[in-house]
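**Student:** My structure is below; once you've seen it, I'll send some questions.
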Amino acid sequence: MKRDLLLTKIEEYKNIMPWYVLDYYQSKLSVPYSFTTLYEYLKEYKRFFEWLIDSDLSKAARIADVDLTTLEHLSKKDMEAFILYLRERPSLNTYSTKKGVSQTTINRTLSALSSLYKYLTEEVENEHGEPYFYRNVMKKVATKKKRETLAARAENIKQKLFLGDETMAFLDYVDKEYEYKLSNRAKASFRKNKERDLAIIALLLASGIRLSEAVNLDLKDVNLNMMLVEVTRKGGKRDSVNVAAFAKPHLEAYLSVRKDRYQAEKQDVAFFLTAYRGLPNRIDASSIEKMVGKYSESFKIRVTPHKLRHTLATRLYDTTKSQVLVSHQLGHASTQVTDLYTHIVNDEQKNALDKL
């Protein structure tokens, strides 16, 4: 979704929310949570508050009037009824045969509510320095995780990674072959953004930074002499991230055309730009997602920018066999989340079976 449209929709949701949700929004904006995350959370709150009113658990006539005491006194049974409602409600998609929403959607809803309840019961302060209330019913609500071993997840992800020579082959394909599949009109559009698109893909493959981190890069954050980028990690922490050398020529090529191609002025500090009605703007996440999907589908298989992050992490672990190094590169506080990459590159088990 374009940034302007995203912000417009966020304002629409804010206009119907209770005051304490607006407090929550302002607090999380300072962390900072991404606008995309906050938008998704506001959607979940709207659905939850509508259910509270429809179920007579709140006497409010509109969402903005749902008071804090309603949330404070909801029971575990009430929350389980909401989960059952999500699981059993008719799908909003006319063409779907599913009866309710997916478990992934339910987990996202519960995550949003857990975040709100934690804010209201632990993080916020009233005039007396106390939270608005203390009873957090979400701590009693169990979530159902997707049943899948690391090995199974690794095998599924592996098919969507550009490992080994495929990393450079993908870049070469976009650089030298992709345009020959296009019409003359499409070629003109491709050539206009070719250097930028290659720079984005190369940076993601060479650093493993998140999509949001790439979008929010400013010119001052990129040091091509040291091959470092400064990013804002989850939780608002600043971090210096090393970038593999193979990205340098693509980043340099983009910088050489950035000013003239996108009519960039001194005040246009965003590193990656797009032209909208002749004016330079920071590129948004949805544009990068579509761009990566388009090129990767033409090359091999449609993937997301996050799979390019997985690609870097897997290649780095395959080379170093160090989960600590990989976790530092990705900006993770522990090595637990990097266990996945050990399974992707772990051929020892297969080799042992072959010898039986």
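Note that Cβ sites are derived from N, Cα and C of the backbone, with glycine treated the same way.
In case it helps, Swiss-Prot gives these features for our protein:
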ACT_SITE  R210  active site
ACT_SITE  K234  active site
ACT_SITE  H306  active site
ACT_SITE  R309  active site
ACT_SITE  H332  active site
ACT_SITE  Y341  active site, O-(3'-phospho-DNA)-tyrosine intermediate
DOMAIN    16-121  domain 'Core-binding (CB)'
DOMAIN    169-354  domain 'Tyr recombinase'
**Student:** Residue counts in helix (H, G, I), strand (E, B) and coil for the domain 'Core-binding (CB)' (16-121), per DSSP?
**Tutor:** 72 helix, 0 strand, 34 coil
**Student:** Go through the active-site residues R210, K234, H332 and tell me which ones have a CA within 10 A of the CA of R309 (active site).
**Tutor:** R210
**Student:** Here's one to test understanding: among the active-site residues R210, K234, H332, Y341, whose C-alpha is closest in space to the C-alpha of H306 (active site)?
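**Tutor:** For H306 (active site), the spatially nearest of the active-site residues is R210.
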**Student:** Check the Cα-Cα distances from R210 (active site) to the active-site residues K234, H332, Y341 and tell me which is shortest.
**Tutor:** K234
**Student:** In whole Å, note down how far the CA of H332 (active site) lies from the CA of Y341 (active site, O-(3'-phospho-DNA)-tyrosine intermediate).
**Tutor:** 14
**Student:** Where's the emptiest Cβ shell within 10 Å among the active-site residues R210, H332?
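**Tutor:** Looking at the active-site residues R210, H332, the Cβ with the fewest others within 10 Å is that of H332.
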**Student:** Rounded to the nearest angstrom, how far is the Cα of K234 (active site) from the Cα of H332 (active site)?
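**Tutor:** For H332 (active site) versus K234 (active site), the Cα atoms are 9 Å apart.
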**Student:** Report, as a single number, how many Cβ atoms besides its own are within 10 Å of the Cβ of K234 (active site).
**Tutor:** 16
**Student:** Tell me, how many other CB atoms lie within 10 A of the CB of H306 (active site), whichever protein chain they belong to?
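**Tutor:** So the Cβ neighbour count for H306 (active site) comes to 16.
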**Student:** Look up K234 (active site) in the DSSP assignment and report helix, strand or coil.
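**Tutor:** For K234 (active site) - judged by DSSP and reduced to three states - the answer is coil.
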